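Have a look at the structure below, then the notes.
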Amino acid sequence: MNITATVLLAFGMSMDAFAASVGKGATLHKPKFSEALRTGLIFGAVETLTPLIGWGMGMLASRFVLEWNHWIAFVLLIFLGGRMIIEGFRGADDEDEEPRRRHGFWLLVTTAIATSLDAMAVGVGLAFLQVNIIATALAIGCATLIMSTLGMMVGRFIGSIIGKKAEILGGLVLIGIGVQILWTHFHG
């Protein structure tokens, strides 16, 4: 996977965390930068670990399905991207129903895990490709750190508008990467 695809994947994977951070930022009254950075660090750390876990799981199975690798990555990315788009169009966001209060550490960790399950599934798919998983996981984590911190800071202004559009955009990016993987396989 080339650098462009890695960066697109990283920011595509960060969109769930961005959307959750926008929602969290929207529920707080003037979130401080330190709160936004803490959220970004937690989300980024979890989002770095989950593709590594998924990659490890995928490596265990890779010798059994190596000839299907491009199809597995394609189907996973299409599925995850489609799910993100559907969630983006649904409109109901549990984060919007929380009262305006500061968010505790464990609530942030739980939210980070929930938004990073897609990254674990992508990690499974990446096990079947020629990819530097450490660099990819770090790129995903860094993108998530940036996007989650930014999401918290702008959340109070645009939470109800961009939150769902971010999921739609992230889903489209994942689908685009899936199509690119399949295209590269068939067209060299």
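Including glycine, each Cβ sits where the backbone N, Cα and C put it.
As written in Swiss-Prot, here are the features:
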TRANSMEM  3-23  transmembrane segment
TRANSMEM  66-86  transmembrane segment
TRANSMEM  106-128  transmembrane segment
TRANSMEM  143-163  transmembrane segment
TRANSMEM  168-188  transmembrane segment
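Residues of the same chain lying 6 or more positions beyond the ends of the transmembrane segment (3-23) and with a Cβ under 8 Å from any Cβ of it are 36, 39-40, 43-44, 47, 51, 81, 84, 88, 93, 95-96, 111-112, 114-116, 118-119, 122, 131, 135-136, 139-140, 142-144, 146-152, 154-155, 158-159, 162-164, 166-167, 169-171, 173-174, 176-177, 180. Sequence-distant contacts of the transmembrane segment (66-86) (same chain, at least 6 residues past either end, Cβ-Cβ under 8 Å): 12, 15-16, 118, 121-122, 124-126, 128-129, 167-168, 170-179, 181-182, 184-185.
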